[in-house]
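What TrEMBL says about this protein:
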type: BINDING; residues: Arg40, Arg46; note: NADP(+) binding site
type: BINDING; residues: Arg128, Ala129, Ser130, Gly292, Lys307, Pro308, Ile309, Pro310, Thr311, Arg333; note: FMN binding site
Amino acid sequence: MFRYLTAGESHGEGLYAILEGVPAGLKIDLDYINYELSRRQLGYGRGERMKIEKDEAIILTGVRGGITTGAPITISVKNRDYENWERFMRTTGDIESGREVTVPRPGHADLVGGIKYGHKDLRNVLERASARETAVRVAAGAVAKLFLAEFGIRIYSHVLRVGSVEVEYPGGLPEEELKKADERPLRCLDPQVESRMIKWVDRARENGDTLGGIFEVVVFGLPPGLGRYVHWDRKLDGCLAGALMAIPSAKGVEIGDGIALANIPGRMAVDEIYYENGRFYRKTNRAGGLEGGVTNGMPLVVKVSLKPIPTQVKPLKSVDIITKEPKPAQVERSDITAVPAAGVVGEAITALVLMESFLEKFGGDHMREIKVNFENYIQTIIAY
Ligand SMILES: Cc1cc2nc3c(=O)[nH]c(=O)nc-3n(C[C@H](O)[C@H](O)[C@H](O)COP(=O)(O)O)c2cc1C
């Protein structure tokens, strides 16, 4: 069984992930994990914190000499400005006052978190609910990506929409194109559309506003047969949607052509099946690589829509939880848009879900065993 947990606060000492069920014998490349962390910090329209904090992963357990042992892996990502926050955030001993939050920010977990856990200082909520936590999900996802790469599985993301500016794109971009997303300021592959997006970001900044958008994750090299149609909770579309919706600010997940399929005739909404030279294939990929919640051998395509960042430079209306008087919401920090970075988070989450599904099908305690299981399966499907 593969699972992971994260812990840590936005201004605490650091963020932590524990991954259980990573097989022994997987080579862990720390530079690659750090490279993935740096990708999360990319993107036009990010705030000041990205500049002060260059994230770096430290592996604390479960790996010896760069090779996994099969034991739980602990990864930590330090918060570099902790020294300025130590007196407000230390875990034991008295803390200093001065950083309390009593005015909840609309669109954040602040108010519901305060009510639910009984906090009168909402910093106890926002420190944990912050999207800063996605840094360590990206580090965990990098381990999953390294695992999947051993089986030829490659994961990319790119930005389709920022605010109301959207790429007109028919889907099915080649891998070589998708590799270029990180070279672009907003990780959008259409330079002309991207320059319009940049104008929107600049305008939003001038107006003290923020923007949402849509990113897409594309996965190549998946074998047919991951996920299960026989149990609702093992259907891979459901597993992916659940995990991707848990990205802060994600409000919609579409598989393949997704919502657009609702508008077209049935004949045009499916991918017809062909057979040639001993293999089944499709000429289209409207289903985004999943039928019945099971991979069908086509690239996996998932889109995620994000709401605009809720924190505004011009504070929104709120109410002080102590005095119950109206008060403008606290401005904690704000990016203009997080869509390019969220795409990198989306890749990590997708990798973690796929790794779980892959291990469920081909599982073993050592990479050697899993490779044998995988190869056997590939032989059986060639003979099908
Ligand atoms: C990579 C990333 C960065 C984010 N940065 C910010 C930010 O700077 N300010 C902010 O208010 N929200 C930011 N968000 C979004 C909030 O964390 C999110 O809207 C909030 O936690 C409430 O969760 P919900 O929108 O899923 O309901 C970011 C989200 C992501 C994925």
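We number each residue from 1, going along the chain as drawn.
For all residues, glycine too, the Cβ spot is worked out from N, Cα and C.
The structure, with features from TrEMBL marked on it.
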residue	record	DSSP class
Arg40	NADP(+) binding site	helix
Arg46	NADP(+) binding site	coil
Arg128	FMN binding site	helix
Lys307	FMN binding site	coil
Greatest C-beta neighbour count within 10 angstroms, which of the binding-site residues Arg40, Arg128, Lys307: Arg40
Cα separation, Ser130 (FMN binding site) to Arg40 (NADP(+) binding site) (Å, whole number): 15
Cα separation, Arg46 (NADP(+) binding site) to Ile309 (FMN binding site) (Å, whole number): 11
Other CB atoms, at most 10 A from the CB of Ser130 (FMN binding site): 19
Residue from Arg128, Ser130, Lys307, Thr311 whose C-alpha is spatially nearest that of Arg46 (NADP(+) binding site), among the binding-site residues: Thr311
Ile309 (FMN binding site): tally of other CB atoms within 10 A of its CB: 24
Neighbour-count leader, CB within 10 A, binding-site residues: Arg46, Thr311: Thr311
